[in-house]
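Taken verbatim from Swiss-Prot:
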- 1-24: signal peptide (SIGNAL)
- 70-76: disulfide bond (DISULFID)
- 99-109: disulfide bond (DISULFID)
């Protein structure tokens with residue numbers, strides 16, 4: 001998967017990439033036009049290294065948030081109790097999604113990445129709404145940077161209508177399920193969301209390096 005440009009990028013371009021969509025996306029509801037339509041005549045083009053740099057930065061944000069939520073406890077970092085407690089099924093990239101070296105298919109992989117990141121939107125919204133103070137601020141930044149990645153990957157998809165969007169009904173059911181959790185389980189759930197997104201982005205990062 002290559003993100004090619006006909007021009008060289010200035011070192012500060014990465015900062016521009018981080019800021020390009022800070023106000024472009026909603027924070028409460030996913031609509032097709034919000035994420036899959038780009039009417040800008042000269043939309044920015046990103047290099048593979050830029051996209052990889054942003055993914056790496058988001059991964060760092062995730063790890064730092066997980067450490068803070070766990071107070072640096074390694075057992076907490078590796079605990080999957082939240083999965084057993086609430087049976088969450090978060091987006092993950094499987095072998096047949098075209099993102100691995102064996103059986104790599106760029107278009108199928110791009111569709112999976114875009115659809116998966118869109119599905120994470122409700123989880124990140126839940127996380128932001130259930131954290132306080134500086135943790136809420138960090139969750140807001142993570143959500144914004146993830147939306148920037150959605151914007152970038154959507155630019156590479158040939159047929160935007162093939163991107164799978166969560167339906168309003170499924171979003172509402174998921175929100176009700178998450179918000180109905182007991183208070184003591186919410187931190188575990190947030191940890192699991194972060195861990196799942198981390199794994200999703202690790203595979204995404206490797207896929208951007210495929211030829």
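Glycine is no exception: its Cβ is also placed from the backbone N, Cα and C atoms.
According to DSSP, residue 99 (disulfide bond) sits in a coil region rather than a helix or strand. Comparing the disulfide-bonded residues 70, 99 by how many other C-beta atoms lie within 10 angstroms of each C-beta, the top residue is 99. Long-range neighbours of residue 109 (disulfide bond) (same chain, six or more residues apart, CB within less than 8 Å of its CB): 1, 97, 98, 99, 207, 210. The number of other CB atoms found within 10 A of the CB of residue 76 (disulfide bond), across every protein chain shown, is 16. Annotation note: residue 109 (disulfide bond) sits in a helical segment as assigned by DSSP.
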